[in-house]
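Now, the feature entries from Swiss-Prot:
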ACT_SITE  TYR95  active site, charge relay system
ACT_SITE  GLU135  active site, charge relay system
BINDING   TYR188, ARG204, GLN205, TYR206, SER207, CYS389, PHE390, GLY391, PRO392  FAD binding site
DOMAIN    1-136  domain 'Globin'
REGION    147-396  region 'Reductase'
SITE      TYR29  site 'Involved in heme-bound ligand stabilization and O-O bond activation'
SITE      LYS84  site 'Influences the redox potential of the prosthetic heme and FAD groups'
SITE      GLU388  site 'Influences the redox potential of the prosthetic heme and FAD groups'
Amino acid sequence: MLDTQTIAIVKSTIPLLAATGPKLTAHFYERMFKHHPELKNIFNMSNQSSGDQREALFNAICAYATNIENLAALLPTVERIAQKHTSLNIQPEHYPIVGEHLIATLDELFSPGQAVLDAWAKAYGVLADVFIQRESQIYQQSETETGGWRTLRRFRIIKKEQQSEVICSFVLAPEDGGQVLHYKPGQYLGIYIEHESLEFQEIRQYSLTTAPNGKTYRIAVKREEQGTVSNLLHRELNEGDIVRIAPPRGDFFLDVSPDTPVALISAGVGQTPMLSMLNTLYSQQHAAPVHWLHAAENGRVHAFADEVSAIAAKMPNLSRHVWYREPDLQDKHGEDYHSQGLMDLSSYQWLADDPKRHYYFCGPLPFMQFIGRQLLAQGIAPEQIHYECFGPHKVI
């Protein structure tokens, strides 16, 4: 526990941190990578280049300083980060490195005096212990469960299938022929990629897209125009190739009782965690109403359309509505899609007709912000709204 003086000193630095902004974490990462370039094998350098990771870390530091007297308020954030850390194989020995360069950054940017540096060192130590303990639990759980493993395991690509012009799916089976760890629908896999074209090892997280089956995993990857790893996966990796995988992780997953109505809302590749949820609801013969709402540019980039249609034909409690922003001439209204333009939920009165309904959504950030506002405007309780950000987390 932190003493009152330490807490007071840390809280007194909040205005300084806020005024500095992500410049703080930019300096931190530059310093840490200079002294420990091997950590570039862990961190997503694309997120470093875009500034997303710097912003996410800055927000986390400010949230910790603000809630330092009430760490319980940070537990959801701790869980989300711990899940990601274990997908990246973060170990206890990494925390002193981060702490050293965080304190050095504060000193170099602000020269706040030894009392402030000591207070932040204590505060960081407490937070590091929280993460180390939780991550140890996650590692141990995934190692001891049926089909589980602790860090990395070799998987063979047994099926590669083009699902749209930009999305490709990969079915993965353990090279050792054993079972695979159960996962919660909505969680992701960490994929470790080493290739002659890459300067460093790259790690990416991709959502699982089927119901758990104990034998294989399926992920789907969107080919981004400037995406180093996504283009490599699409163009270079083929059936028979081996990839190393961390166990399923993630704090975004389907968690409802059999009588709970569910709305699954997505845009683009954001449908991938929803697809796992839909397949699971179907396999479990979920009795309550399920709504599938999806937005895509057009049929050329609408992945898994046939799979969802096949489920809808066998699942009478599933309602499906698809929006195409700019349909092609070959896209059939009423068959391939139901509405043209952007997804608009304002006229869907059923959204709020059942106080038990839970809402899960994923997609590009502007889409999620728009959907979040629409749900809240219809009086949906925030605790029944669940969302996933691909990449560093953002509050919508």
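A Cβ is built for glycine as well, from the same backbone N, Cα and C atoms used for every other residue.
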Which one is it: of the recorded positions LYS84, TYR95, TYR188, GLN205, whose Cα lies the shortest distance from the Cα of GLU135 (active site, charge relay system)?
-> LYS84
Calculate the distance in Å between the alpha carbons (Cα) of TYR95 (active site, charge relay system) and LYS84 (site 'Influences the redox potential of the prosthetic heme and FAD groups'), and round it to a whole number.
-> 15
Over all shown protein chains, what is the count of other CB atoms within 10 A of the CB belonging to SER207 (FAD binding site)?
-> 27
Can you tell which of the recorded positions (TYR95, TYR188) has the fewest other C-beta atoms within 10 angstroms of its C-beta?
-> TYR95
How many neighbouring Cβ atoms, not counting its own, are there within 10 Å of the Cβ of GLU135 (active site, charge relay system)?
-> 21
DSSP on LYS84 (site 'Influences the redox potential of the prosthetic heme and FAD groups'), three-state: which is it?
-> helix
Around PHE390 (FAD binding site), how many other C-beta atoms are within 10 angstroms of its C-beta?
-> 20
Looking only at the domain 'Globin' (1-136), what is the mean pLDDT?
-> 94
For GLU135 (active site, charge relay system), the three-state DSSP class is helix
Rounded Cα distance, in Å, between GLN205 (FAD binding site) and LYS84 (site 'Influences the redox potential of the prosthetic heme and FAD groups') is 9
Cα nearest LYS84 (site 'Influences the redox potential of the prosthetic heme and FAD groups') among binding-site residues (TYR188, SER207, PHE390) -> TYR188
Determine, using Cα-Cα distances only, which of these binding-site residues is closest to TYR29 (site 'Involved in heme-bound ligand stabilization and O-O bond activation'): TYR188, SER207, PHE390.
-> PHE390
GLN205 (FAD binding site) has how many other Cβ neighbours within 10 Å of its own Cβ?
-> 20
Long-range same-chain neighbours of GLU388 (site 'Influences the redox potential of the prosthetic heme and FAD groups'), Cβ under 8 Å, sequence gap at least 6?
-> GLY186, SER207, GLY250, PHE252, GLY270, PRO273, CYS362
